[in-house]
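Marked as active site, proton donor by Swiss-Prot on the basis of sequence analysis: HIS75. Per Swiss-Prot, the feature 5-amino-6-(D-ribitylamino)uracil binding site maps to PHE11, ALA43, TYR44, ASP45, ALA67, ILE68, VAL69, PHE100. Feature annotation from Swiss-Prot assigns (2S)-2-hydroxy-3-oxobutyl phosphate binding site to ASP72, THR73, ARG115.
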Amino acid sequence: MVSLGLVVARFNDSVTEPMAEAAREAATDRDAVIVDEVSVPGAYDSPLAADRLARRDDVDAVAVVGAIVTGDTDHDHVIASATADKLTQVSLDRDTPVTFGVSGPGMSGAEARERIDKGADAAEAAIDLADELD
């Protein structure tokens with residue numbers, strides 16, 4: 001049985017909470033267990049939480065969910081790029097799968113709501129990687 005850590009960004013929680021629920025359901029459907037869930041203010045804050053979870057002996061993989069919507073500037077692109085880079089670094093540094101279930105950048109809130117299934121995708125990818133790399 002795969003043990004997961006789940007990181008959930010609260011910013012845009014009307015999107016991220018359903019994403020987290022989709023991740024929880026996917027884990028249950030795949031007979032995986034979420035041993036810990038960490039809530040962070042936004043996607044940009046997720047690498048530290050993912051790192052803390054990836055350090056744990058009882059966590060086989062970490063799934064991260066969040067939503068980055070567009071604004072009046074390119075801020076969403078900066079946040080998405082930095083977050084993806086740091087989450088990849090956590091995965092490599094800890095030798096633990098960390099999956100990127102963060103929708104965006106460059107999308108509206110409505111488009112983000114259409115991508116709630118990214119939460120399930122992140123959990124399923126984490127489970128698959130943990131199984132494959134075990």
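Placed from the backbone N, Cα and C atoms, the Cβ positions cover glycine too.
Known features from Swiss-Prot, placed on the structure.
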residue : record                                           : Cβ within 10 Å
PHE11   : 5-amino-6-(D-ribitylamino)uracil binding site    : 17
ALA43   : 5-amino-6-(D-ribitylamino)uracil binding site    : 32
ASP45   : 5-amino-6-(D-ribitylamino)uracil binding site    : 18
ALA67   : 5-amino-6-(D-ribitylamino)uracil binding site    : 29
ILE68   : 5-amino-6-(D-ribitylamino)uracil binding site    : 26
VAL69   : 5-amino-6-(D-ribitylamino)uracil binding site    : 19
ASP72   : (2S)-2-hydroxy-3-oxobutyl phosphate binding site : 5
HIS75   : active site, proton donor                        : 12
PHE100  : 5-amino-6-(D-ribitylamino)uracil binding site    : 22
ARG115  : (2S)-2-hydroxy-3-oxobutyl phosphate binding site : 17
Top Cα neighbour of ALA67 (5-amino-6-(D-ribitylamino)uracil binding site) in the set of recorded positions THR73, HIS75, ARG115: ARG115
Between VAL69 (5-amino-6-(D-ribitylamino)uracil binding site) and the residue listed as 'active site, proton donor': CA-CA distance (Å): 9
Rounded Cα separation (Å) that holds between ASP45 (5-amino-6-(D-ribitylamino)uracil binding site) and ASP72 ((2S)-2-hydroxy-3-oxobutyl phosphate binding site): 21
For the binding-site residues TYR44, THR73, the one whose C-beta sees the most other C-beta atoms within 10 angstroms: TYR44
Residues PHE11, ALA43, TYR44, ASP45, ALA67, ILE68, VAL69, PHE100 binding 5-amino-6-(D-ribitylamino)uracil per the record - widest CA separation, whole Å: 16
